[in-house]
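The N6-acetyllysine annotation in Swiss-Prot covers Lys159, and the record cites similarity to another entry as its basis. Under the heading repeat 'Solcar 1', Swiss-Prot lists 6-90. Summarising the annotation, Swiss-Prot assigns repeat 'Solcar 2' to 101-188 and lists sequence analysis as the type of evidence. Residues annotated as repeat 'Solcar 3' in Swiss-Prot, with sequence analysis given as evidence: 197-281.
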Amino acid sequence: MAEDKTKRLGRWYFGGVAGAMAACCTHPLDLLKVQLQTQQQGKLTIGQLSLKIYKNDGILAFYNGVSASVLRQLTYSTTRFGIYETVKKQLPQDQPLPFYQKALLAGFAGACGGMVGTPGDLVNVRMQNDSKLPLEQRRNYKHALDGLVRITREEGFMKMFNGATMATSRAILMTIGQLSFYDQIKQTLISSGVAEDNLQTHFASSISAASVATVMTQPLDVMKTRMMNAAPGEFKGILDCFMFTAKLGPMGFFKGFIPAWARLAPHTVLTFIFFEQLRLKFGYAPPVKA
């Protein structure tokens with residue numbers, strides 16, 4: 001009897017690999033999002049900013065910090081996908097998990113992933129934002145590992161976890177928005193008979209999950225980016241950063257929303273499509289019940 005490949009299970013590291021592959025595709029959009037969020041006055045549109053980066057530093061400047069982006073996915077996404085998928089497999093499989101259980105599991109996985117991924121996230125934000133700084137203020141990290149070493153040497157080990165609370169809070173919401181909503185939407189489409197477990201279903205589920213995740217995380221994403229890119233002593237803490245952002249008006253919390261969605265939507269779609277293809281091609285059959 002031929003194996004039903006749609007029943008295959010993913011391996012714990014597939015999420016990190018899929019996230020890193022997606023990051024390589026969407027990094028320019030992530031860079032634009034970060035630079036828009038760190039503007040103090042919000043003078044440049046996404047088109048103007050793109051043109052400025054191209055004129056000043058060339059086309060390759062859109063890939064500044066790509067090594068840090070890949071490092072972040074290999075730590076952050078490997079952890080959250082690994083925990084979510086591994087624990088989900090240990091739960092009773094006789095019926096689908098209720099959504100609240102998926103959300104709780106995704107929140108826990110996101111918290112772990114956010115903490116583990118903070119150093120890579122910090123280097124990622126700094127490298128992406130470097131090109132907009134004056135020459136004398138640029139950090140000029142050669143690559144992600146150089147950034148980690150220099151931060152530890154020049155600013156201390158704990159500096160690598162600057163903004164960890166914000167990053168972890170965002171990761172919780174992001175993982176709930178992405179993993180649990182993706183799972184639920186995909187399950188609903190398939191179980192209702194509207195769709196099959198195929199590429200079209202993966203696309204529809206992932207783009208819906210990306211929209212939910214963007215709305216949930218954008219305010220925290222803006223504050224996280226500001227705190228990670230801040231000079232020493234610029235913000236006393238999360239509340240200080242919140243008050244600073246609030247002074248810019250309600251939309252200050254949604255700076256860069258369009259590029260954030262434009263980046264997160266394709267990144268989420270690619271991540272889940274890569275993940276599902278890895279599962280179908282290289283996953284393993286579920287154990288047979290005795």
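Cβ atoms are placed via backbone N, Cα and C, with glycine included.
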Filtered by Cβ under 8 Å and at least 6 apart in sequence, the residues in the chain of Lys159 (N6-acetyllysine) near it are Leu122, Ile151, Thr152
Using DSSP three-state counts, the residues of the repeat 'Solcar 1' (6-90) come to 68 helix, 1 strand, 16 coil
For the repeat 'Solcar 3' (197-281), the averaged pLDDT of the predicted model is 88
In the repeat 'Solcar 3' (197-281), how many residues does DSSP call helix, how many strand, and how many coil?
70 helix, 0 strand, 15 coil
Which numbers of helix, strand and coil residues does DSSP report for the repeat 'Solcar 2' (101-188)?
77 helix, 0 strand, 11 coil
